[in-house]
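TrEMBL lists 24, 53 with the feature Mg(2+) binding site. If you look up TrEMBL, you'll see 173, 174, 175, 176, 177, 178, 179, 204, 205, 226, 227 marked as sn-glycerol 1-phosphate binding site.
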Ligand code: 1GP
């Protein structure tokens with residue numbers, strides 16, 4: 001079993017910043033895997049996340065299998081649904097949507113996942129997932145039928161993240177939503193980070209190295225980028241090792 005979480009904690013304690021490239025199986029052409037992954041391998045990316053809000057059944061399994069042929073990077077599932085769980089990956093963000101109040105995304109889907117996870121070799125990482133408003137409706141909001149957290153109430157965001165930590169979650173993920181126009185503000189990132197004793201992931205709408213570095217500077221330990229790579233692979237060139 002790959003020690004995904006242990007390695008993240010170790011990197012964070014060494015002051016290393018991590019970058020996850022997010023691949024949404026629903027938007028990705030599988031024939032494109034070798035070329036795309038070779039660019040990921042040549043970049044500063046440290047992880048590959050695979051997942052999406054709405055993905056056809058079996059597609060994640062097929063895609064993860066293909067990605068694995070071309071990289072040594074850890075592959076971590078970031079599933080929008082139980083159907084996206086495959087034992088071919090290395091790790092699983094076991095997400096609880098703690099910004100919302102839909103019991104399905106707080107405990108219901110987790111119970112449904114258990115039969116798929118018995119005896120698994122996946123490194124299962126309990127993750128508190130907070131959707132923050134970004135000015136427009138996101139797929140997460142639509143699919144989960146939950147409201148994002150108002151961005152002007154940073155105290156509530158910080159307290160929610162901290163409650164996740166107290167509940168035993170091992171990571172906190174601040175999400176603006178895929179393709180978000182407004183990023184998670186640096187002020188929110190730094191306020192959340194200053195209260196947490198666990199690693200912080202930030203994603204949603206990051207499209208440049210400057211924005212990525214600003215998130216790191218504010219306190220993100222892991223930045224997740226998906227759309228920017230999907231739309232313009234030359235973005236990888238600015239992130240060469
Ligand atoms: C979405 O945080 C991720 O869940 C990444 O967002 O696709 O906008 O990079 P982008």
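Count begins at 1; order follows the chain as displayed.
Cβ coordinates are placed from backbone N, Cα and C, and glycine is handled just like the others.
Features per TrEMBL, on structure.
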{"residue": "24", "record": "Mg(2+) binding site", "CB count, 10 Å": "23"}
{"residue": "53", "record": "Mg(2+) binding site", "CB count, 10 Å": "18"}
{"residue": "173", "record": "sn-glycerol 1-phosphate binding site", "CB count, 10 Å": "25"}
{"residue": "175", "record": "sn-glycerol 1-phosphate binding site", "CB count, 10 Å": "24"}
{"residue": "177", "record": "sn-glycerol 1-phosphate binding site", "CB count, 10 Å": "25"}
{"residue": "179", "record": "sn-glycerol 1-phosphate binding site", "CB count, 10 Å": "17"}
{"residue": "205", "record": "sn-glycerol 1-phosphate binding site", "CB count, 10 Å": "21"}
{"residue": "227", "record": "sn-glycerol 1-phosphate binding site", "CB count, 10 Å": "19"}
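Of all residue pairs in the sn-glycerol 1-phosphate-binding list (173, 174, 175, 176, 177, 178, 179, 204, 205, 226, 227), the one with the greatest Cα separation is 17 Å apart. By the rule that a residue counts when its Cβ sits under 6 Å from some atom of ligand 1, the binding-site residues 53, 173, 205 yield 205. For the pair residue 177 (sn-glycerol 1-phosphate binding site) and residue 24 (Mg(2+) binding site), the Cα-Cα distance reads 13 Å. Counting in whole angstrom, residue 173 (sn-glycerol 1-phosphate binding site) lies 15 from residue 53 (Mg(2+) binding site) by their C-alpha atoms.
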